[in-house]
Amino acid sequence: MSCNSRAQLCFLLLSVTALRGQSRYLDAQENEISSEGLFALLNSELKRELPEEYVYRRPLRCLDMVAAEGQFTFKADHPQLNCAVFFIGEPNDIISIEYDSININCREGDFIKVFDGWVMKGEKFPSSQDHLLPLYERYSDYCDSGEAHPVVRSSQNVAMVFFRLHQSGSSFSITFRKVFNPFPCNVISQTPEGRFSMVIPQQHRNCSYSIIYPVEIQIGELSLGHHNDLKRSIHGCAGARDFVELLGGNGVDTSKMFPMADLCYSFNGPVQLKVGCDNTVVRMVSSGKFVNRVTFQYRLLGHQELAKLKRNSVEDMCLSG
Amino acid sequence: MGRETASVGIHTGSGCFKGRGAIDGSSQQVAELDPPQQTQPILARLGAEYFIRLGNKNKNNHRAPSDMHLDSSLAVSKRALQLQLTQRLLEGKVGNIGRFVSYAHQPDDSTDRERRSEEPPISLDLTFHLLREVLEMARAEQLAQQAHSNRKMMEIFGKHTSRSRWPVVPLKMYSNDHV
């Protein structure tokens with residue numbers, strides 16, 4: 001490569017990495033960018049990790065919840081027939097599970113399955129209405145496709161791994177990573193307090209933000225298209241194709257939850273609602289014609305507030321006020 | 001001595017009204033754990049629900065101010081005990097974990113996939129209460145790990161920048177009485 005074209009290539013690379021915010025990884029020691037540095041820079045996922053010796057490792061339990069990136073190993077010292085692990089990331093993450101070393105016997109009925117979402121008490125999150133894939137495509141079975149596809153990615157910030165090992169001595173290792181997702185749709189919040197802005201940029205889909213606590217939600221801003229795109233209707237939200245609903249329920253499936261409020265026109269200025277349910281969801285339905293955005297914050301309801309909700313409510317379903 | 005019980009946790013039975021029936025239901029197996037000095041915890045299992053029953057049932061009792069200190073330390077010890085029990089549950093020392101996982105049917109016929117019901121084939125029967133517990137534990141683990149990882153990163157980049165060739169500009173310090 002001639003001196004001039006190499007300089008041009010380096011300049012181009014500098015510009016690209018500066019725009020991606022990763023110039024800090026340039027090794028400026030010898031006043032030259034090494035070829036390893038060049039290729040490593042272009043692989044942003046590689047650079048998000050620490051060197052091999054600093055990867056977090058711990059044993060996996062038969063029933064487990066994992067929120068930290070790292071390598072997790074399960075060793076069966078006796079037959080483990082029904083095991084499940086929850087994975088969760090930040091709202092802006094999607095989950096990546098990579099099979100590292102798998103020592104199981106598929107023919108004997110052992111399996112490792114990754115599910116795209118969470119399943120609890122027969123209900124799944126995201127619901128079928130909110131997820132782009134049909135149910136059977138949301139399961140990835142190592143025994144069917146693990147060799148060909150060693151990395152499985154979720155569509156949102158939660159995933160699960162179900163496994164069964166018949167023989168003691170069987171084991172497997174998986175690496176859990178989080179990958180950045182600029183437009184999250186379908187989130188389970190890790191915390192009972194927080195704030196979030198959900199944007200659906202001209203897509204025909206439904207997105208749910210689930211908080212598995214009873215909370216007070218305060219919606220700061222709702223923007224459904226531009227100001228004049230959606231007129232306020234005197235008939236409420238019936239027939240609206242772009243709206244936000246607040247749901248409450250006792251399961252994770254948003255299609256089985258009770259609507260607490262419907263919002264179908266843009267507004268500024270806080271709207272508050274207390275939802276005394278085990279699961280509180282902000283769900284946005286989008287036709288695809290507009291860029292829709294809702295901004296909200298939430299905080300945990302205390303004992304007194306829950307008791308007051310119960311006193312003031314006459315309906316036999318999740319309490320709201 | 002009549003010892004009354006109450007369920008503890010973030011949502012003590014005043015959550016979704018629908019759930020209350022299960023909470024107040026009859027108890028099944030009861031296992032006693034090592035009691036701390038003041039109260040005797042009992043781990044009760046109702047179907048798939050786990051509750052810790054401690055202390056005084058009547059939480060609506062009007063409490064004297066002198067009891068407030070006792071209350072807060074009791075609350076802390078209840079919480080610590082709860083997390084410890086969840087930890088033991090996860091490690092398989094309490095009960096059979098496999099009980100939580102149920103199977104609607106085994107998916108083995110690929111041609112039937114299209115007609116398969118919407119019921120997910122594998123499910124986990126945890127209560128929200130237990131789910132929150134394990135989530136909080138996982139989050140604590142993640143925050144600790146993030147802090148550790150940040151420290152390591154700082155060490156690596158610290159070593160890196162100390163070898164850099166950025167020129168060092170000597171600073172001139174002028175004292176106030178310099179003319």
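Here the Cβ of each residue, glycine as well, is placed from N, Cα and C on the backbone.
The disulfide entry in TrEMBL for A:CYS106 points, among A:CYS62, A:CYS143, to A:CYS143.
Out of A:CYS185, A:CYS237, the record in TrEMBL bonds A:CYS207 through a disulfide to A:CYS185.
Highest Cβ count within 10 Å among the disulfide-bonded residues A:CYS143, A:CYS185, A:CYS318: A:CYS318. Here the disulfide-bonded residues are A:CYS143, A:CYS185, A:CYS277, and the ones sitting under 8 angstroms from chain B, going by CB atoms, are A:CYS277. Separation of the C-alpha atoms of A:CYS318 (disulfide bond) and A:CYS62 (disulfide bond): 32 Å, rounded to the nearest whole number.
Figure note: comparing Cβ neighbours within 10 Å for the disulfide-bonded residues A:CYS62, A:CYS83, A:CYS237, A:CYS264, A:CYS277, the maximum is reached by A:CYS277. Taking the disulfide-bonded residues A:CYS106, A:CYS207 in turn and counting surrounding C-beta atoms within 10 angstroms, the largest count is reached at A:CYS207. Between the CA atoms of A:CYS207 (disulfide bond) and A:CYS264 (disulfide bond) there is a gap of 15 Å.
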